[in-house]
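**Student:** This is the structure, below, for whatever I ask next.
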Amino acid sequence: RPTEDPSDCVKEVKSLMWVYVLVGNIIRGIGETPIMPLGISYIEDFAKSENSPLYIGFVETGAIIGPLIGLLLASFCANVYVDTGSVNTDDLTITPTDTRWVGAWWFGFLICAGVNVLTAVPFFFLPKTLPKEGLKNNADIIKNEKEEKQSKKVKKEKDGITKDFLPFMKSLLCNPIYMLFILISIVQFNAFVNMFTFMPKYLEQQYGKSSSDAIFLIGIYNLPPICIGYIAGGLIMKKFKITVKQAAHIGCWLSLIEYLLHFLCFLMICDNSSVAGITTTYKGMQQDLYVGNAILADCNRDCNCPTKTWDPVCGNNGVSYMSACLAGCETSVGAGINMVFQNCSCIQTSGNASAVLGLCDKGHDCSMMLQYFLILSAVGSFIYSLSAIPGYMVLLRCIKPEEKSLGVGLHTFCTRVFAGIPAPIYFGALVDSTCLHWGILKCGESGACRIYDSTNFRYIYLGLPSALRGISYIPAFLILITLKKRRLPGENVSSGTVLIEAKVAGKENDCKDMHQNSKVLNDDELKTKL
């Protein structure tokens with residue numbers, strides 16, 4: 001029961017340990033944020049144009065393997081009680097499937113903190129500059145490029161960063177393809193951040209899985225296909241020497257196919273858990289979820305039960321009850337999670353009416369629906385990741401080489417600020433609106449939600465991302481139209497090989513002039529004319 005002595009609530013001191021977690025996450029974010037934008041720009045600068053998609057695919061794959069291992073670690077931690085070591089876990093009356101269970105979240109932080117320190121070491125050994133791939137054997141070109149970069153560096157130091165920053169920003173903001181791509185990314189990231197953040201909770205509420213099982217299933221079913229898709233996308237770009245315009249079409253249409261498949265998830269449903277007084281009546285009939293719950297009934301009205309306490313039991317009639325008291329149970333045998341309640345007056349069944357701790361399972365049909373959902377999710381993850389590398393190459397090739405680092409950084413900044421931060425906040429508020437029963441803290445305040453209306457939860461979890469992604473295809477099609485009419489900076493030479501050969505022959509300027517004066521000049525024509 002909640003405490004009835006107000007003085008106990010006044011004496012309770014709120015912990016400020018969350019501040020340490022917040023500051024730690026801020027510092028970690030500052031450290032890890034530059035790695036992707038600057039690292040991808042680093043690869044683009046020094047790799048052959050036909051190889052960079054494959055290399056970026058490997059980098060993105062590495063960024064998925066990490067979360068895969070992290071989710072497996074999280075699944076293990078979520079299965080360990082938060083206060084393990086300081087309490088006797090044999091005395092616990094809740095299991096990991098219970099919504100009141102809190103896993104050892106702190107354990108993963110300790111492990112990952114140590115690993116993060118180790119991963120910083122190799123970055124100290126990266127050279128400031130590398131020879132352009134394909135030019136390793138030509139010392140004169142390497143020397144000239146180094147001298148040119150050194151002179152640019154000295155000039156930049158004299159002029160200051162603002163001299164280049166403002167013109168570069170103006171150029172990027174006036175680049176229609178780049179701005180449309182940022183718009184697509186923001187809208188799509190809003191959808192995917194929401195789906196990924198709340199996917200464990202969705203599997204818990206819709207299919208009755210524990211948080212540790214949900215995290216484990218996400219890691220096993222979703223992340224390996226994403227890794228394969230990234231590498232396959234990079235290999236396709238390298239093997240067939242896909243142009244920017246072709247990459248844009250591949251990325252758009254593959255993403256659209258995955259988007260249409262996503263609607264099949266609306267068919268993979270399970271009913272609400274049958275909880276007497278919330279989703280069903282004590283006679284087993286469905287009831288209106290939002291018109292006052294009849295928590296008390298004739299069978300438990302004289303038991304003086306607390307009506308807000310959540311300590312669910314499953315009756316042998318297949319119906320769950322908010323507590324053993326509300327189930328009308330009079331006696332119990334056993335201890336801990338093996339406790340069995342007997343002589344339950346609200347459980348209508350032939351023979352001895354009994355109940356065990358926890359909500360009732362959702363049944364075999366719901367388990368099959370979960371399998372279909374996970375398989376479809378895996379297929380969708382593969383198709384979407386297959387389109388990711390071609391799509392990302394459109395971003396890199398639609399901006400000038402000297403603006404690449406700033407362009408990638410601005411893209412990352414926009415997606416995090418306008419999608420990564422606000423999306424979980426507004427989506428979490430919408431999910432909370434589907435709550436059917438709130439937990440109660442010691443002093444009577446509302447705690448965490450114990451059970452959701454799974455039907456409305458499903459509409460929000462699947463419907464809102466679908467609407468956002470549908471909107472994102474408007475700027476996507478505008479990019480395809482714009483690309484038909486425009487030559488990109490990366491198209492001055494359709495592949496880096498001709499320009500390299502022209503450098504060796506001392507005809508670099510002739511090569512560029514010939515390409516710029518012709519609208520349909522390819523590598524073979526360039527070689528012939530040179």
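Any Cβ shown, glycine's included, is placed from N, Cα and C.
The transmembrane segment annotation in TrEMBL covers 17-43, 55-82, 102-126, 177-199, 214-236, 248-269, 372-396, 417-440, 460-483. Residues or ranges marked as coiled coil in TrEMBL: 132-164. Residues or ranges marked as domain 'Kazal-like' in TrEMBL: 293-348.
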**Student:** When each of 17-43, 55-82, 102-126, 417-440 is checked against the transmembrane segment (177-199) for Cβ pairs under 8 Å, which one has the most?
**Tutor:** 417-440
**Student:** Assess whether the transmembrane segment (248-269) lies in contact with the transmembrane segment (17-43), where contact requires at least three Cβ pairs under 8 Å among residues 6 or more apart in sequence.
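**Tutor:** No, these stretches are not in contact.
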**Student:** With pairs closer than 6 in sequence left out, are the transmembrane segment (17-43) and the transmembrane segment (102-126) joined by 3 or more CB pairs under 8 Å?
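**Tutor:** The transmembrane segment (17-43) and the transmembrane segment (102-126): touching, yes.
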**Student:** Using a Cβ cut-off under 8 Å, which residues of the same chain at least 6 positions beyond either end of the transmembrane segment (460-483) come close to it?
**Tutor:** 176-177, 180-181, 183-184, 187-188, 190-192, 194-195, 198, 202, 244-245, 248-249, 252, 255-256, 259, 262-263, 265-266, 394, 427, 430-431, 433-434
**Student:** May I ask for the residues of the chain that lie six or more residues beyond the transmembrane segment (214-236) and have a Cβ under 8 Å from a Cβ within it?
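**Tutor:** Result: 53-58, 60-61, 64-65, 67-68, 71-72, 74-75, 78, 199-201, 203-204, 242, 250, 374-375, 377-379, 381-390.
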**Student:** Within the domain 'Kazal-like' (293-348), what mean pLDDT does the predicted structure show?
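**Tutor:** Over the domain 'Kazal-like' (293-348), the predicted model scores a mean pLDDT of 87.
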**Student:** Do any residues, 6 or more residues outside the transmembrane segment (372-396), come within under 8 Å Cβ-to-Cβ of it, and if so which ones?
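**Tutor:** Contacts of the transmembrane segment (372-396) (Cβ under 8 Å, skipping residues fewer than 6 from its ends): 40, 44, 52-53, 56-57, 60, 177-178, 181, 207, 217, 221-223, 225-230, 232-234, 236-237, 242, 244, 246-248, 250-255, 257-258, 261-262, 264-265, 268, 404, 407-408, 411, 479, 490.
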